[in-house]
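Swiss-Prot has this to say about the protein:
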type	residues	note
COMPBIAS	57-72	compositional bias 'Low complexity'
REGION	57-434	region 'Disordered'
COMPBIAS	81-97	compositional bias 'Low complexity'
COMPBIAS	113-123	compositional bias 'Pro residues'
COMPBIAS	138-148	compositional bias 'Pro residues'
COMPBIAS	172-199	compositional bias 'Low complexity'
COMPBIAS	200-214	compositional bias 'Pro residues'
COMPBIAS	223-235	compositional bias 'Pro residues'
COMPBIAS	251-292	compositional bias 'Low complexity'
COMPBIAS	319-329	compositional bias 'Low complexity'
COMPBIAS	395-405	compositional bias 'Low complexity'
COMPBIAS	408-422	compositional bias 'Basic and acidic residues'
REGION	466-497	region 'Disordered'
COMPBIAS	482-497	compositional bias 'Basic residues'
DOMAIN	598-771	domain 'tr-type G'
BINDING	607-614, 657-661, 711-714	GTP binding site
REGION	607-614	region 'G1'
REGION	632-636	region 'G2'
REGION	657-660	region 'G3'
REGION	711-714	region 'G4'
Amino acid sequence: MTSGGKVRIYELSRDLGLDNRDVLNAAEKLSIAAKSHSSSISDGEAAKIKALLNSNGKAAGGAKAPAKPDAGNQILSLKKAPSTPSQSAGAPASAPPSRKPEIVAKPAAPASPAKPAPSAPPSRKPEIVAKPAAPASPAKPAPSAPPSRKPEVVAKPAAPASPAKPAPKPVAKPVAKPASAPAPARPAQPLRPQASNRPPQQPSNRPPARPAAKPPVVMSKPTAPPPRPARPGAPAPRRDQNRPAVPMRPPNQQQRPSPQRSGPPRSGAPIRPGAPQRPGMPGRGGAPQQRRGPGGPGGRPPSSLELVGKPIRREPNAPQGRQGGAPSRPGGPGGMRKPVSPGELMQLQKPGSRPTPGDGPRRPPARPGSEAPRRPGEAPNRPNAPTAPPRRPGYRPAAAPGMAGRPRRPDWDDSARLDALRSRSPQKQRQKVHIIGENDDSLAAQTGGFAGGQEALVLQASLARPSKPKNLPGNKGARPVALRRRKKETTRQRQRRRAMELRQAREAKQIRPEMLVVPEGNLTVQELADKLSVESSEIIKSLFFKGIIATVTQTLDLESIEKVSQEFGVPVLQDDIEEAAKKTVEMIEESDLDHLIRRPPVVTVMGHVDHGKTSLLDAIRKTRVAAGEAGGITQHIGAYQVDVDHAGASKKVTFLDTPGHEAFTAMRARGTKVTDVAILVVAADDGVRPQTLEAISHARAAEVPIVVAINKVDKEGAQIDRVKQELSDQSLLAEDWGGDTVMVPVSALKGEGLDKLLEMILLVTEVEDLKANPERMAKGTVVEAHLDKAKGPVATLLVQNGTLRPGDVVAAGPVLGKVRAMVNDSGRRVKEAAPSSAVEVLGFSEVPAAGDEFEVYPDEKAARSVVGDRASEARATRLAQQMASRRVSLTSMSGQASEGELKELNLILKADVQGSVEAILGMLEQLPQGEVQVRVLLSAPGEVTETDVDLAAASGAVIVGFNTTLASGARRAAELAGVDVRDYNVIYKLLEDIQAAMEGLLEPELVESPLGEAEVRAVFSIGKSAVAGCYVTSGSIQRNCKIRVHRGKQLVFSGDLDSLKRMKNDVKEVNTGFECGFGCDRFADWQEGDRVEAFAMVTQRRTLAT
């Protein structure tokens, strides 16, 4: 009670034992303004609402007058007129006051026993069909049933009796008239009702809004063998016998719950199924389901009630009354269902299908979904397509007490919502079918009343079906939960798979490659990380420390790739170098197939520097080439032809000796490109080295067989098995270890194993079946080229097909020439060069490029046309290389220009052969050029001329010669012009001097040079200043040097030492063990115990930043 004589709606509903909505509906009818349960009304308005609700309750009670069972009728129905109010819950007419909550629906006529009434108004109420167990067994009354149960559901007893007789008209009459057995409609043995899983609720006094249009019809039908005999007078135990009746209350027509959404928890609002369950699945409380029990499939009773007809449109806010569970059929196991009181009456009607002997005339089954108008008293008949229990507008059964706070189930309201449920999911579509067990009185809670002028009462809450367990397959939420579980499992599996892939990738990345092959000279950061088997963050961090800001997708140039790879200990091999080893031109043409003969093999000796390649060839040729090489290393590619005795015959073998230094990669690639067999020389005491791996990659790119010569086996510390193991890691497994790679231990100095090595070479070449056509014009490759000061341009050519003769017109790349003379490796002139022969050719107009293919043309005109096109392409390539040699970007140029003049080192490079020029240029590109750029103005083989001197003088360049000489007059011109000319014969020294020249262009940097330390032992004040008396502990202290004063761990002063005295005399330096006085113009806060550190700033030459 609020202040000022006001009463809130929820207090009034609590006093009356009703739901808030009931009180709100009554207030709306009386035009009392009340919006919600917390609205306040006056005492007078509360009294009006109480009077209205009490009067409606008395009317409902009047409808509950006991009706005597008609002995001649098996099917009864209760219905009341629209003007008759419901009986009050507190004063039932004949039922015990607290025996059972009943929901009183508002029928169309006063209560009377159900009879065949042809004049019943048409309604869309479905029919409830009872399927008895025994054929033609009418229901008999239970003498011992409590008298308060007025309506009864008729079921067939076990003993055969007269069948139930339906109404004379098959469809027009809603009541089936039994043929005999004038007993009440209950079997002799009361059945145990299905216990409700929800507590009962207080009775509702809310009157119904409109009378029921027509009741459903229940028909008794035998469908299975007769059940066990019923025991009269033995009712099953009841749990809820003292519950008051619950009258019906009208629904609100403004709110309609969605079939897919449960309404808010309300008092007296039980859960109503939003969609019917499938047959055989246990339903929720109040849902008409098929019961499991003996005598039927799946444990269901042999007979059931079938709901026939289309659901009735419900009002939006109709409260959902509790659906009582149906009692089980006779003959079921004891204690399964509670007995149904005689006051609970339903109409029984036989379904139109499965006729049995003894049954009366049946109604024709209605078409599913048909909504045709019916005659008064006619009920729809759909025996084979049961649907949800219909609800008539204007009726809202109140729920049992204790249902407050329970979520409501949405009800079907119209066909549109039904279609939406049908199309929503297969689960909901299957839930439309109801298979109702025999004597299932839950339909009364949804239909409210029946035809015949009688009122049907709703079952007790204790008879309602319990909610379905969640683990059963029929649970409505089971399918969505399963779907969600599958999604989570899929996500979990995907995460597990990704974690496994990452773990496997991490394990695979533990092994780093022996060599990094860079395609097209660039890689992204992520690709570089994958090739190096490291995380991309490590690459980015390494680049950041080198002053390069990069992202994962940024492309790196070759220089940056080499820097990072060297940090991780992996050498870099450019893909274009490997491509240079591939054989791109086929020397054998189709016209040569008829003239092919066997040719000598071309064997290339490859391996790491100082592993004995040239010494091995010297041992084979019985020469001393290695002794005359500068620096003891090979810096040119050499071609030699050797006669080898094999099987009593002399055979020729052409050997190509390649340099082992890392600068001569292109030379090794060219040697591999023209070879037939690769000899891999590995020192037994050194094992596999970087250039060894490079040689292996070249041989595999050229697709040539590899013969391994394990050299220096006579040397102390030689480990042949270690070399074989390291080679097996590169997929080269020795024959004696079960592989297919020929490995021969040799000693070049002692000549051991050479015969076996030559024999293995010849055996391998025989398998290759090497052939050529000597009758055609020559075709081959330029192995090496240089400019001789006496002979002019000289090129070493390897003839691969045909025969080369003097006078032939040769086109080698963009260079045209005519063969004037040919010299073999022994220095003798030859008249012709057969296939697999290497000769030096004179007569070219200029030095050809090493590695170019040459071909002989029939006349000079044809050769000149080909050369002209190649010259244009070569010129464009050369210009592009010159522009790239500057390696200056706009960013670096602007950054360096802001600091001062751009520093460049201009070079003019002249070498003896083309291969040396390539090697030197390659090494210059590897020098760090972040601060000083190397600009090669001219690079060519040949001697230094006056023209080169003039170019160097004009551009301020340095002339670098490698294994070459100065032309006549060039040295004097250089002295006059002041041009620096350097000549080298070892590539190491050349690279060191060039790097030193680059560092010389850098500005020197100032660095600290420590001098000594002193300790303050006394402080003397002189005017406003102070002097520190110090003792030199180490080194020496010089006047005007830099000092730092430390007090403990704190730096208190850093500056110049202005005064240094000893015994009142100014001195320049004080050594260790002497005392002196310090004076500083800017510092006077001396304290005893201070430590003075003396140092000097000196200039130091800077080095190139790597």
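Placement of Cβ uses the backbone N, Cα and C atoms for every residue, glycine included.
This prediction places the mean pLDDT of the region 'G3' (657-660) at 68.
Cβ neighbour count for Val713 (GTP binding site): 21 (other Cβ atoms within 10 Å of its Cβ, all protein chains included). Residues in the region 'G4' (711-714) partition by DSSP class (helix H, G, I; strand E, B; coil) as 0 helix, 1 strand, 3 coil. DSSP assigns Lys613 (GTP binding site) to a helix. Classification of Thr658 (GTP binding site) by DSSP places it in coil, neither helical nor stranded. Cβ contacts within 10 Å of Gly607 (GTP binding site), excluding its own Cβ and spanning all protein chains shown: 28.
Just so you know, the Cβ of Thr658 (GTP binding site) picks up 30 other Cβ atoms within 10 Å once every protein chain is counted. Take the CB of Asp610 (GTP binding site) and look out to 10 A: across all protein chains shown you find 16 other CB atoms.
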